[in-house]
Structure formats: structure tokens, C-alpha cells
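Colleague: Pulled from TrEMBL, these are the listed features:
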| type | residues | note |
| --- | --- | --- |
| COMPBIAS | 337-347 | compositional bias 'Basic and acidic residues' |
| COMPBIAS | 348-365 | compositional bias 'Polar residues' |
| REGION | 337-365 | region 'Disordered' |
| TRANSMEM | 45-63 | transmembrane segment |
| TRANSMEM | 83-105 | transmembrane segment |
| TRANSMEM | 112-134 | transmembrane segment |
| TRANSMEM | 140-163 | transmembrane segment |
| TRANSMEM | 175-195 | transmembrane segment |
| TRANSMEM | 207-229 | transmembrane segment |
| TRANSMEM | 241-260 | transmembrane segment |
| TRANSMEM | 300-323 | transmembrane segment |
Amino acid sequence: MQTYLLSQQLNARPLAENSTACPANATICNGTSCVLPEDNFNETLSVVLSTVLTIMLALVMFSMGCNVELRKFWGHIKRPWGIFVGFLCQFGIMPLTAFLLSLAFNVLPIQAVVVLIMGCCPGGTASNVIAYWVDGDMDLSISMTTCSTLLAMGMMPLCLFVYTKMWTDSEAIVLPYDSIGISLVALVIPVSFGIYVNHKWPSKAKIILKIGSIVGAILIVLIAVVGGVLYKGSWIISPKLWIIGTIFPAAGYSLGFFLARVAGLSWHRCRTVSLETGMQNTQLCSTIVQLSFSPEQLELMFTFPLIYSIFQLLLALLILGGYRVYRRFRVKTNTDVEKTDEKEDSKSTSSHAKINGGFVSNETK
């Protein structure tokens, strides 16, 4: 292994010296993109930040659980129509969209595979935080994230087998079942504690929820920043992947909302399904990519999961901003209508009182 890395470094040096795009210590460089070797600082930083982010994520999911009512959550499990719609979006719409985008942009086979891996991943936990801020159905959001992570153990191999056959052997893709299991445990345990706290101490659960929602917003920004710090390679990759990374989450949000509405779900559940569909577990995608491909192959698409992560976050924030503006306008409009109705009622009451000699019925009081 050391001999291989040494040969890669020796081969990369002449290219790096003649190119301004890659640093001199790049292990792979073709003048447009590069992969840097891991150093001790980067490894230490990764471990520290991963530990901090894991603790923060557990606290956030605990707080999100404090907004889940056990009765409603169990109702979704017993009558899983909303979960079923989310399942169709997560493992039906997203892999198909990834397949169609790869065909439409005619990307390289290895790039098509990473797009498909992203499409086959389960929903990410960031969707729970955004769903809270857009007044979504938190019971449905938590149950969808849990079920999609659990079902991913079987659905990811199936979807990859179906869609990647024309580009590569699906057996060459390594699925980290341990990472999926850890994600499931990291989701279920803190959420369960949160549900218990909400059941026993609902007043304290509301305080925890407010704090956790703020921490969750900070966590989402931190994950994006940390990704930018740890990925020191060049961002000059295929423009097609940049375009796909923009269109893909937007398509997930839009199609998820549309299918949920067609299925007859209420507006707040449509918003929930939309976010659960568009926001993918990009950390899982990065893990699969790193386990499955060689450094030469990583050169072509190693930053795509981060690109998708950034654009899914930016689009989710746009959805949040648009919803907040709509909500403020709607509440203001409704308040104005209510005040107008009250004025008209008071005028009609006073005129009625004058006509009837000052008598006001109990119904108009």
C-alpha cells in the first residue's frame, strides 16, 4: 500500500508542478481536480469534529423527540398511509430521478453510479429539524426517517441492483451496513428518550424542544462548514455534476410534495414528505463512495455528496424562508379580516340597538 501511494505521489508531482489547480502534495492530479493525502492534522480534526457533531446530533434528535406525541406516533405506525407515501418517494422517486438525470446529462459511468447511490440513500436527520421549522408533522417526520433508515438495509441493494446494471456491477458497491445500523441507533435511542420526556413532562419538553431546534439549525450549518474544511481537494469537477447536484434535491422536494398531495395528505404532511424526500443521508453516501472506489475513480466524483448536501440545505432554507413569509402574510391577512368583521358586527349591532330603542340581544353580545 505504501509503495502504491509513493508511486501515485511520484506520478502526480510533475502534473502538479505544471498545474495551478492542484497543490504539490496531491496524490492524484490531472490538472483539473485532485485528491490530497490525509495528514495527521486532518485526521485529528475529523475525529474531534465527528465526536462533537455526533453528540450535538444526539441532543437535537432528543429534542425533536420531545415534540412527538406517543399516541399520534403510534397512529402513524398502525395506519401507515403517510409512511407508505414517503416510502414510495424515498425508494421510488429518488432512484428513478437519479437514473433519468444520469441519462439526460450523459455523465461518465462512475459519475452515474455515485448519483444513483445518493438517490438510493435513506432520508437524513436534518429533515426533522427543517420540518419542525415549517410546522410539519413531526410524528410523521420521525417515523419516516426511522422507517427509511431501517428499510434501506434491503431497499438500497435492490435499487442499486436494478439501476446500476447498465453502468457497473452492483456487487462492486460496498454497502456499510454497520454505518446504517449506527445511524438507526443514533436516531431511535435519543428520539425514544424525547418521546418519553414529552409523555411524562410535557411542559419541560417544550423548553427542550426550543433549545434543540436552535442547536439543530447551528448543527446543519456546522456540517456544511466541516464538509468544506475536510474536503481540501479542488472543486473544479465536471460542470454536469454541479448541475445535477442543484436539480436533484429540487426535484426531490417538488415531486415529494406533489405525490403527497395527490395521495390526499394534508398540507403540513405534504411539507413533511417533501423535506423527507429531498433531504438525503449524504454522510452515508460519502461512506459508500469511499469504500467502493479507487483513488483514480474518486477523482471524478468524490465531491458530489458534498455538492448535493450544500444545495439540499440551501433549497431547504429557501423553502423555510418562503413558508415563513407566506405564514406571516396569511396570519396578517386573517387578522385584518377578523378585525373588519368585528367592526362590521359592531356597526350592525349599534344600528340595531338604535332601531330597537337600545335593546341588544344576548346573541350579539
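Including glycine, each Cβ sits where the backbone N, Cα and C put it.
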Colleague: If you count every Cβ pair below 8 Å, which range out of 83-105, 112-134, 300-323 shares the most with the transmembrane segment (175-195)?
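Modeller: Between the candidates 83-105, 112-134, 300-323, the best contact partner of the transmembrane segment (175-195) is 112-134.
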Colleague: Check the transmembrane segment (83-105) against the transmembrane segment (140-163) for contact, please; criterion is three or more CB pairs under 8 Å, pairs 6 or more apart in sequence.
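Modeller: Between the transmembrane segment (83-105) and the transmembrane segment (140-163), contact is present.
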Colleague: Could you give the residue numbers and ranges of same-chain residues that sit at least 6 residues beyond the transmembrane segment (112-134) on either side and whose C-beta is under 8 angstroms from one of its C-beta atoms?
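Modeller: For the transmembrane segment (112-134), the list is 57, 60-61, 64, 67, 86, 90-91, 94-99, 101-102, 141-142, 144-145, 148-149, 151-152, 155-156, 159-160, 163-164, 167-168, 173, 180, 183, 187, 209, 213, 216-217, 219-220, 223, 241, 244, 248, 271-272, 275-285, 288-289, 301, 304-305, 308, 313, 316, 319-320, 323.
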